[in-house]
Amino acid sequence: ARPDVTVDIYERLPVPFGLVRFGVAPDHPEVKNVINTFTQTARHERCSFYGNVNVGKDLSVTELQEAYHAVVLSYGAEGNRRMGVPGEDLSGVYSAKDFVGWYNGLPSCRELGPDLSCETAVILGQGNVALDVARVLLSPIDLLKKTDITQPALEVLEESRVRRVLIVGRRGPTQIAGTVKEVREMVNLPNTRPDMLASDFEGVKEALKDLPRPRKRLTELMLKTAMETPGEKEHERREKASRVWGLRFYRSPVEILADPERSSRTAGIRLAVNKLEGSGEGARAVLTGEMEDVSCGLIISSIGYKSLSIDPSVPFDSHRAIVPNNMGRIQEAPGLYCSGWLKTGPTGVIATTLNNSFDTARSVLEDMDSGTLNTSAAKPGSQSINALLENRGVKPVTFSEWEKIDSEEVRRGAAIGKPREKLLTVEEMLQVAGK
Ligand code: NAP
């Protein structure tokens, strides 16, 4: 929008694209096409990428502000909400954030080594992340082999003994957070059959007529799957299936139960049975006092991501886990902006976040035009930052150096019939980048 502006992007890892690379499910390659748009932007003559620079550690936000007229924080939500129940730290319990990072090749999750030697897995939360994890756990290995899932994850999944995955939500079918496409993928997943409880769907058919359209379609799909007798072909498919998935509603985690023989490991979960207070999206789960234990050897908590504060100089609302802002302008911090999940909290699909980021860009431009953002005096930009980084022994990775990593990953993938085989450590990424 302004030919006089240059943009430098700083990223902790030597590789770009954040959650598109490390969050999007490997069997959703079409979602990753947005990388083409990002690449076009990064190759623009007035845009530069500096990977392998950890803001908050290698550089402070204040140093960036001294070097640039405007600084936009867009580092996402790398933490996760905790269930806050006893036993949460037992082995066999993982956060979806780590589990997803593990199968997607996030260097910090490389050594997660999840134990998939049990039969039943419970996933807590019913958002799209929970559905992604359930699908990856139950997908036929031949499907995953053709994706960019990492080879070590593929090997563990190939040996997996998990046969049954329950996806547990605290509210009802008409409040499920996941979307119809992801639920349909479960319904159609080869070699699996659904296992739902008719009691979870009491009164749901009657509520259909008042639901907004997307939610109505989703609810109809779940009702059909749970309640209707399948046709002959579907019946046969289900009979043959060796793996099972199920949605469980009106259940909240109360305690992770330890294995009586190996007390550091989990052997189950205690769930509180809920009822709903109110209706629609805003309905609240209220305890009934009833409890239910489910035996399982694997528990994955998928109840949402959380942004973290990376620099004490930046205002942070730890209750809402976002940077307080007005259309991306960080309050009480002129020249400082935010975008992405740091700005909004961890909700919405990539398109939502793109649009939201355009709002932040618009705020920067408006502030330049109105003079709120003072750009009259020149600022040194990357020149001074590069000098600081050199003094600190940090070696930034440029976009063309990332493209070397990219080519190597694609080459390694092609050799085994995958779109790419990701490099799994920062050291190897730096080596391939020629650092
Ligand atoms: P989410 O959609 O916000 O789902 C979080 C789930 O956790 C909800 O079912 C929520 O239930 C539950 N939950 C929260 N706190 C809880 C608690 N204390 N006890 C029990 N349950 C609790 O989050 P997400 O799945 O992490 O996904 C984040 C965003 O990324 C979403 O907007 C999602 O659509 C998007 N995403 C999209 C895709 C895709 O398009 N394929 C894939 C992955 C992620 P309540 O509803 O009762 O709060």
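A Cβ is built for glycine as well, from the same backbone N, Cα and C atoms used for every other residue.
FAD is bound by E11, L19, W341, G348, V349, I350 in TrEMBL, and the record lists one more residue there from V55, V61, V314, which is V55.
Rounded to a whole number, the C-alpha distance linking V55 (FAD binding site) with R171 (NADP(+) binding site) is 39 angstrom. For the recorded site, V55 (FAD binding site), the DSSP three-state label reads strand. If you compare Cα positions, E11 (FAD binding site) sits closest to V129 out of the binding-site residues Q126, G127, N128, V129, R170. In this structure, none of the binding-site residues L19, V55, I350 sits close to ligand 1 with a C-beta under 6 angstroms from any of its atoms. In this structure, the binding-site residues Q126, N128 were compared by how many other Cβ atoms lie within 10 Å of their Cβ, and the smallest count belongs to N128. Highest local Cβ density among the binding-site residues L19, V55, V129, V349, I350 belongs to V129, counted as other Cβ atoms within 10 Å over all protein chains shown.
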